[in-house]
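Written below as structure tokens is the structure these notes are about.
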Amino acid sequence: MPEPVPSPPTSLVRRARKIDRVLAETYPDARCELDFRTPFELLVVTVLSAQTTDRRVNAISPELFAAYPDAVAMAGAPREDVERIIQPTGFFRAKTDSVLKLSAALVERYDGEVPGRLEDLVTLPGVGRKTANVVLGNAFGVPGITVDTHFGRLVRRFGWTEETDPVKVEHAVGALFPTRDWTMLSHHLIWHGRRMCHARNPACGACPVARWCPAFGEGPTDPAKAAKLVKTEGRA
Ligand code: SF4
């Protein structure tokens, strides 16, 4: 069981929700940038998205799922064929291993279906809490906070938490928002991190939440300089 998180100060809650509202207006299309049609596809593409771009994963996923549309088909796939298809996503041997083991575990333990509970998902080979929350939030409609590198960086810049452990970050930030907002909050922060609030050189001078951000000034504050740092596309 996670340690109970003390109630955050009201001023912090208000500021956090204001930032999320402005980000929601800034990124009305925010969503999972990986293409998928089923929970199984989302689970697989999330595993494949490690250390690469969503665009690369989206480029290979139609061929992968045309050949192996579900866990039963994928569990029986020839390793060399899966390796060939997913090679452009990098680390293809390890990723093939994960996808085959994951599919076999789904067939053996869940009749080939992806379970809709965090505690079950994290028992699957290669599935951590981050992947599980992506699947729950986007394929099952179960609110989840996805603490990836962008999310962690932004919440620390916003001063919402000083934690670095992803589970502690999840609980600290979760306490600031109603549960129903968790999935979209994750998308808003990840989109902002990919487009504007970069790890190095954040576009502070162009940032719509600058006035509520204690880290304003970490990147150029000059609007013209900052505008050049804004990416119109994210990771996709
Ligand atoms: S003001 Fe700068 S550091 Fe703060 S959120 Fe905006 S881009 Fe990121």
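Including glycine, each Cβ sits where the backbone N, Cα and C put it.
Look at TrEMBL and you will find 48-195 tagged as domain 'HhH-GPD'.
A simple way to gauge crowding: the CB of Cys213 ([4Fe-4S] cluster binding site) has 20 other CB atoms within 10 angstroms, across all the protein chains here. Following the DSSP three-state reduction, the secondary structure of Cys213 ([4Fe-4S] cluster binding site) is coil. Per TrEMBL, the feature [4Fe-4S] cluster binding site maps to Cys197, Cys204, Cys207, Cys213.
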Other CB atoms, at most 10 A from the CB of Cys204 ([4Fe-4S] cluster binding site): 24
Residues flanking the [4Fe-4S] cluster site, with Cβ no more than 8 Å from the Cβ centroid of Cys197, Cys204, Cys207, Cys213 and excluding those residues themselves: Arg157, Met196, Pro202, Ala203, Val209, Ala210, Ala215, Phe216, Glu218, Gly219
Those binding-site residues listed as Cys197, Cys207, and which of them has the most Cβ atoms within 10 Å of its own Cβ: Cys197
DSSP-derived class (H/G/I helix, E/B strand, else coil) of Cys197 ([4Fe-4S] cluster binding site): coil
